[in-house]
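Data first, discussion second: the structure below is written as structure tokens.
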């Protein structure tokens, strides 16, 4: 259907001189529903168009318009706080390792295992939490994970021996892994690509600050209240994150957002979303599916080969290729990101 046109009175003389001149100007495109075109809103707003009969309908909008700036920054704060828990829980009890070793009558090797298993399960569990968050939603995955992390932290407070502490630390890492995985997904859902860089910059600050705050707080707690108080601090942080997510976080997965719009505002409102046809229905992928993305960059694989091959070939405790690879890491990370996206 052709767009409505209007006459320019200021061009009457020019029209008389040139009868073939286009004497009209097109009104901005309007939403077409039921075979009728809507005229632009009198206020000049880009968001609304008005029917000739007086009805008001909404223009096509983006899925990112679902969130106001206030909601976006609220989500950014929540995700930053949740991600802070990952490095904080790794380092807050490090000043207490020797005290724990004496109290539980164990060895330094087993104490080091409490750190190693935490980091190992953080990385391994991401293979599960990623597909889970895609299928069932970011909010649900983070609520479950924060609740489990709090429970396991309380278990660490009452750990009777080193075996229980190692097992609970492994479970802690498995739970807290969802914070890092789902937080990145939430930012990708709520911030459009042109603005996402600023959000990611703010988001990374707690990740860098966590390893600094952890030992400072842990040292004071260990000296003043004993080593078990460091796990009490983890439990308090985990519980605070759980409550904050419960009351202030809404689901950001685009499929679930579209489903909510369809339920609350109606089918026509859902179809007005620009990305309506490109948002796939989520499916639960196998946990090893992300490994295909992890190995997409040949540069990252080459980095691993250079570091470990040089160490083994020369029989050195330190790998001479590590420094060069470390300098190239930002470039390799960019290549991996471009390859995987």
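Glycine is no exception: its Cβ is also placed from the backbone N, Cα and C atoms.
All annotation found in TrEMBL is predicted automatically rather than curated by experts.
Under the heading region 'Disordered', TrEMBL lists 1-21.
Within the chain carrying the transmembrane segment (73-89), a Cβ under 8 angstroms from the stretch's Cβ atoms is held by residues 67, 118, 122, 142, 146, 149, 153, 172, 176-177, 179-180, 182-183, 186-187, 190, 199, 202-203, 205-207, 209-211, 213-214, 234, 237-238, 241, 244-245, 248-249, 252, all 6 or more beyond its ends. According to TrEMBL, the transmembrane segment annotation covers 73-89 (among others).
Residues or ranges marked as domain 'Major facilitator superfamily (MFS) profile' in TrEMBL: 75-341.
The transmembrane segment annotation in TrEMBL covers 109-130 (among others).
TrEMBL lists 142-164 (among others) with the feature transmembrane segment.
TrEMBL lists 170-187 (among others) with the feature transmembrane segment. Same-chain residues lying 6+ beyond the ends of the transmembrane segment (170-187) with a Cβ under 8 Å from its Cβ atoms: 75-76, 79-80, 82-83, 85-86, 89, 117-126, 129-130, 132-134, 138, 141-142, 144-146, 148-149, 152-153, 155-156, 196, 199-200, 203, 234, 241, 252-253.
Under the heading transmembrane segment, TrEMBL lists 199-218 (among others). Under 8 Å from some Cβ of the transmembrane segment (199-218) lie the Cβ atoms of residues 72, 76, 79-81, 83-96, 183-184, 187, 191, 230, 233, all in the same chain and six or more residues away from its ends.
The transmembrane segment feature in TrEMBL is assigned to 230-249 (among others). Under 8 Å from some Cβ of the transmembrane segment (230-249) lie the Cβ atoms of residues 74-75, 78, 81-82, 85, 88-89, 92-93, 96, 139, 142-143, 146-147, 149-150, 153-154, 156-157, 172, 179, 217-218, 221-222, all in the same chain and six or more residues away from its ends.
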Close approaches to the transmembrane segment (142-164) from elsewhere in its chain (Cβ under 8 angstroms; 6 or more beyond its ends): 82, 85, 89, 104, 106, 110-111, 114, 129, 133, 171-172, 175-179, 182-183, 228, 231-232, 234-235, 238-239, 241-242, 245-246, 249
Whole-number mean of pLDDT values that fall within the domain 'Major facilitator superfamily (MFS) profile' (75-341): 80
